[in-house]
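Chemist: Next up is a structure, given as structure tokens.
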Amino acid sequence: MTQSPIFLTPVFKEKIWGGTALRDRFGYSIPSESTGECWAISAHPKGPSTVANGPYKGKTLIELWEEHREVFGGVEGDRFPLLTKLLDVKEDTSIKVHPDDYYAGENEEGELGKTECWYIIDCKENAEIIYGHTARSKTELVTMINSGDWEGLLRRIKIKPGDFYYVPSGTLHALCKGALVLETQQNSDATYRVYDYDRLDSNGSPRELHFAKAVNAATVPHVDGYIDESTESRKGITIKTFVQGEYFSVYKWDINGEAEMAQDESFLICSVIEGSGLLKYEDKTCPLKKGDHFILPAQMPDFTIKGTCTLIVSHI
């Protein structure tokens, strides 16, 4: 049983739309000049992160979940529930839909559904996202996709650093070029591409689309994901609540000074996206820097964070 923060070593994924921002911004060693994703806190079979410190050093997060459920407050479930990513969107990502739990369970061999959310760490001027569509029925959705009426179909939204978007399963969506994003999502890789700008993969073939599944899984008409943001300030910290939903709750902690904290959840997932500081508990001190990702376990004692830094924090 551990009462210490559990730091994770990320896994990186090359993507046709990726770049070098994960290296340039966070100092990571990335596999190529087209690195799109950092699976920062992951217990997904396609890319589990590894414990970097303490008594469980060297174990994957999958192994830790399976062998030491007490670390996570005894939370039930076959699969660790969440996945935290950093996304370097140098070029447009594909337009896609993710299924809900029921559809994924029926069609994706045990995958969870995929509700997700985005925190915009940084973006270029006039950057945007695709969030939803204008179709009023599935018949109209099919017609507009088949005719390539993307301008008429897609809802485009301008974004800026600090924005937050909740993306429920069934939402037609895409991140567009020029964005650096922290994504919190259900622990799933179920994705149905609708359109990919006719790009070719590394073998020179068009990337696979999943038209029928995407239409089946899509929410029609579009419904915006509901968020109810609030802000609380006290000595040393400002906490912004972005969403408290069925699958996860997500917050931003802005530390400026020294903040006293308590860990009251089954576990907390933490990512340092800016600045540096010290996490102190009992007689121990852990340095924190931009690009660190860690879990605060169920048995974590009260602690303080001292410094100037920003964290995105989530729990189930």
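Just so you know, the numbers here start at 1 and follow the chain as drawn.
Heads up, the Cβ atoms here are built off N, Cα and C, so glycines get one too.
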Chemist: Among His44, His68, His133, His173, which residue does Swiss-Prot name as a further Zn(2+) binder in the site formed by His98, Glu116?
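Modeler: That Zn(2+) site, as Swiss-Prot gives it, pairs His98, Glu116 with His173.
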Chemist: For Glu116 (Zn(2+) binding site), which of the three DSSP-derived states applies: helix, strand, or coil?
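Modeler: In three-state terms, Glu116 (Zn(2+) binding site) counts as strand.
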Chemist: Based on Cβ atoms within 10 Å, give me the single least packed residue among the recorded positions His98, His173, Arg193.
Modeler: Arg193
Chemist: Express the distance between the Cα positions of Arg193 (active site) and His98 (Zn(2+) binding site) as a whole number of Å.
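Modeler: For Arg193 (active site) versus His98 (Zn(2+) binding site), the Cα atoms are 9 Å apart.
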Chemist: What same-chain residues, at least 6 away in sequence, bring their CB to under 8 Å of the CB of Glu116 (Zn(2+) binding site)?
Modeler: His98, Val167, Glu183, Thr184, Gln185, Gln186
Chemist: For the recorded Zn(2+) site formed by His98, Glu116, His173, name the remaining residues of the chain with Cβ within 8 Å of the site's Cβ center, in chain order.
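Modeler: For the Zn(2+) site the neighbour list reads Lys96, Val97, Lys114, Thr115, Val167, Pro168, Ser169, Thr171, Gln185.
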